[in-house]
């Protein structure tokens, strides 16, 4: 079958000569595990965010809570929809010719893969920008970064991701069944047309750009927090700086490690005409790596908080045989800490209070 001549049967030609075989039991096991763990972790993160939103309704915290909620909700639906389609494909013995005659399922699968792949990356970069503005420009953040503006940004990010996902359909280019016969995406086998290359390069460039923005903003945020720590020797700020720096490092490492292989592989396929024989296995491995990012997102952004870091700190000090110092009480929320320290660093009134504090302790 010629997929270029018949859009309704796009991708079926690859089913005849596939060079990528996956063992059914192992593949089903991976799909079910990824889907279950992703749904549970993101559901737990949503519950924590809803509870935090009910307790803290200040304007300064609403932006982070809304962005974090959008991220974990997107990850949740991504695992639910993509995971359900993948399990159905495995359960049907990957017989696309039988259940995908009109190519509707493959198109839906491809649209969901692109949307739920780019949208979390975009939201992660927006969250990094929001944190950077909140730390470096707290006054601007409190006056301009309102809940209405954040909702508009969430809507624009989702619409942009939907547009990128629907672009091949609008251009009458059907999504292709991949060589493993387990998922649908842009054409990755024998890519010769410029438009097929454009879709691959567009997806990879947008994803890498989102990672670069996240890395840059998180680096600026981390440097700013370190400067605040060195200027202010208050013990209250130490736990906050330690917590935020660990979170920033975890966010950057997880995003780059999980998504870079898949994005780089898509870019390499879009640039090079000749592909190696292990292209299918490489893509499948990179795809599973990217799936892990959506599983780890809620744990990095929401669950890796003060309590876990405090216990790890105690365990580390105990294993090193050192005396555990008496830490000051950690604040109720990491979001509260970040906003408080950022306000302290920028407020002239608070700086005066810090400078006058040693004078009061030396008085009679």
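The backbone N, Cα and C atoms fix where each Cβ goes, and this holds for glycine too.
Feature annotation (TrEMBL): of 150-170, 171-191, the stretch labelled transmembrane segment is 150-170.
Panel annotation: around the transmembrane segment (246-271), residues 121, 124, 128, 186, 188, 191, 196-201, 203-205, 207-208, 211, 214-215, 218, 221-222, 279, 282-283, 285-287, 289-290, 292-293, 296-297, 300-301, 304, 309, 334 of the same chain, lying at least six beyond its termini, place a Cβ under 8 Å from a Cβ of the stretch.
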